[in-house]
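So the structure is just underneath, and the comments pick up after that.
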Amino acid sequence: MQAQYERFIRNTRLQNMALVVDESTKRMARMLGAEEAEIRDGIAEEGLSSSFYDDTGRPSLFVGLQSDDDREHQTKKTMNYVKQATIKIALEKQRSVSRQKSGGYGSMETSSLLPQKFKSGEVMEEGKVPVGGETEQGPPKLSLHKTRTVSKLHSEGLTSEFAAELLKKFGRNELPEKKKPKWLIYIEQLIAPMPCMIWAAIAIEIAIKSWPDMAILLGIQFMNASLSYYETTKAGDAVAALKASLKPVAHVKRDGKFVTMDAALLVPGDLVLLGAGAAIPADCIVNHGTIDVDQAALTGESLPVTFYKGDSVKMGSTVVRGEVEGTVECTGANTFFGRTAALLQGGDESSNLDKLLMKIMIVLVILSMSLCGIAFGYLLASGEHVRAALSFTVVLLVASIPIAIEIVCTTTLALGSRELAKDGAIVSRLAAIEDMAGMSILCSDKTGTLTLNKMVIQQETPTYAKGETQYTILRYAAMASKWNEPPRDALDTLVHSCADLASLRDVKQTDYLPFDPTIKRTEATVVLPRGETFKVTKGAPHIIMQLLSGPENAKVLAQCEKDVEGLGARGIRSLAVGKTNAQGAWEMMGLLTFLDPPRPDTKATIDQARDFGVEVKMITGDHLLIAKETARQLGMGDNIRDAEMLPKLDPETKKPPPDLMDHFQYVEETSGFAQVFPEHKFLIVEVLRKGGYKTGMTGDGVNDAPALKRADVGVAVQGATDAARAAADIVLTKPGLSTIVTAIVVARIVFGRMTSFITYRIAATLQLLVFFFVAVLTLHPIEFQPEGDDDNWPAFFHMPVLMLMLITLLNDGTLISIGYDTVSPSTTPDKWNLRVLFTVSAALGGVACLSSLLLLWVALDSWNPHGLWGSFGLAGLSYAQVTSMIYLKVSISDFLTLFSARSGDDFFWTNPPSKILLVAATIACSLSTLMANIWPASYPDGIPTIGLARLPPHLLSLYVWLYCLACWVVQDAAKVGTYKMLRTYNVFGVNDVVSLRKADVSIMV
């Protein structure tokens, strides 16, 4: 309809320049009003059965009756066209008068001056210059202020020099994208909260002139920053590579010849070639001829739309038939892409994982600072030197806080993203993997996502003549076209792709009447090889039914009308086929039904998603009836609604309405929505998120981009537009939704890996922190020093800084391999429960801490002949041996705690670790054991230290290992018991699982 309005405006301008403005406007308003009334009356008269066809008899772009929003939108467009026509007619009249006065270009058409303007490097400013000529002040003054100015022009191509000037003015033809420089990413790794604490510790070490400790902390700082930077940028580089491989190109006329170039270099005024199969590189005006354009990515409608001379085709759509030249009118942010992308602004927020890690770090830092502060005060009160007390406290604080928790989580997510990339999913936001693990609702676009995005003949073929089948109906339909020539429209394409054209080799077509808006059908006269001659026709059912006359056809007409209504109620389009009999009378042969069918794997994908506790909702801009039929085929239920009751953005602020959550129950209980606009998709996601659901959104078009951005997990399917890919967290490179199930499984596995690590890290922090805190306050080595020992046993127990840092580095370095660990994915959406995590971690860390304190007491008391150590007949240990033994015990306990934490609520042997994790842990444990055995006799930080193998008993490290393994069994049993207690009494809601209420559970297939 828009094309008709625009053609009428242009005809009015050319034919009625001499008319006064008022008369022209009135006549246009009368014609537009009459046309709208005629269409409205026709729809009301024909009813639903014929609403699938427009006023030319072709399948309609908008199936069914318009909603109130559609009519209001169309009315505004109509009024805008009238306003534009009024201005143009006034300008044309002014130009005509001025030409008569000046003897100017009175007969020159608008388009004839355009090439001159472009060749001279000038563009007219809209609203100041008549459409095609000079002003009363002489030649028009030209400017580069408005992109849409060029939409009124007819380009013949630009020069490279002028195009370069325009490129500077309007910018590149691509969506604005915030890209953070890599040097800034690296700096951010050095100024995050945890690194800032290390900087504070380094400053303290400098202040007390503890240069070795400062050097160790400085090395740890830059190692952590480098590792974090590497993992953070890796996924971003993968997405950048994907976008580079999908870079669109355009055929542009520059310097008098067509060249193929990067579409991002297009500028307003460029002359581009728009051919079949090519993407529209920018918003363009069709210069001549007609093309059929697939706008599914923009509107969600499956059928292509025909555009004529002067019509505007939008970036993001695809030419399916025809070839024309077009003038670029808008580029970059000024295109339909750019205007839709405005909804994407302001949607950024911290991920759920970021918030969780921050909470964990805050709790552990507060606990660490509190206990370290108490220990520091105790040491000062005990007469310890300020420098020694401060050095010990700072090192203990750095060793106990989870410095590498973000690095290991980032690494785990990055490894998960690489697994997804192998299965055809590129992750642009790593935290989206964690969000997908907890996703409970997946909102999916229909066209191109759930369906094939192309019309396909259905098996259902009502026939009305004896002996006819779908095969024969298709042959008759092919005879009613030029089957030996390329298809002329979408319907011919459908028929030719399914009919047995080879069997028509000997059939002659003696006459052919192509589709005409007057008769609204095609007709052909054919001669079979045996000499039989008859006519065949195809068209809309109500048009073909009009050809049938006589009482003998009453039954056929009634049945056909019933079938059409039944198909229409299910959203299935139909094409009627008829032929003449021996007497020359028309007979109805049958109906060919066609629909944009679901992808072959979609139903299985949806079923698998449900198996993992994820409910799929269809969100589409297509008609309600078509959405219901698709939902029926996919087993999604029939509770599909239109957008009438959905919330809308505030017209002034463009923000969600205050009563948004009043729609929550309606949205929650509905299986899907049809005839929605981009803002509806955005608000549906917003309602579900605020209602407590982790929400995913899949789509491929510009109209999906705002919701993709707002969803917890935005998934752009294969072939998605640049706008959709830019807004999405995950970009699929394989067709359909099958990769989604793989992504859910991988996400759940990654979530399990992160849960294992975080549980371990909390437990390890509690073990180390509480161990040293209790040891400092209760176990004073100097009180256990035997007589005659030349070493000066310290007043409080502490380790050399290098040993503490070795524990941290080896353990955290090994933990990176947890990204490869084997985990059984959960069958329900995962969610974080911090209280449960801390409770289980406290159980694990408590057993490890108690066992370390027990071993320290036994080792310090080894010179007591009546003590536990002496009861085994073992010789007393020097303080240097005690230091190395406790280093080995704490290090080994940390590794074993990980193997207990990774098995969840079951025993450690029920879930064997991956080979990579096992090898990494073996290497780290071997290094720790080796260091504990061969450490040279020395006094790092003034603490006596020596390798366990250098003094008897030489098998001391073996005893430590056996002790650690025994404690590990107790530790694992304590963990299992803790989980059992939590689940038995549902403590902290450990058993709660988010489940979706469905209004139509009984009819789910």
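Glycine too: its Cβ is placed from the backbone N, Cα and C atoms.
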Notebook entry, point to check: Ranges 208-229, 758-779: which does TrEMBL label transmembrane segment?
Noted result: 758-779
Checklist line | 183-204, 799-820 - the one TrEMBL records as transmembrane segment | finding: 799-820
Check: Between the stretches 392-415, 758-779, 955-974, which one has more Cβ pairs under 8 Å with the transmembrane segment (799-820) than any other?
Finding: 392-415
Check: Where, among 360-380, 832-860, 866-888, do we find the most CB pairs under 8 A to the transmembrane segment (758-779)?
Finding: 832-860
Margin query: Averaged over the domain 'Cation-transporting P-type ATPase N-terminal' (144-210), what pLDDT does the predicted model reach?
Written below: 74
Checklist line | Contact set, same chain, for the transmembrane segment (955-974): CB under 8 Å, 6 or more residues outside the stretch | finding: 843-844, 846-848, 851, 855, 877, 881, 885, 888-889, 892-893, 896-897, 899-900, 903, 907-908, 929, 932-933, 948-949
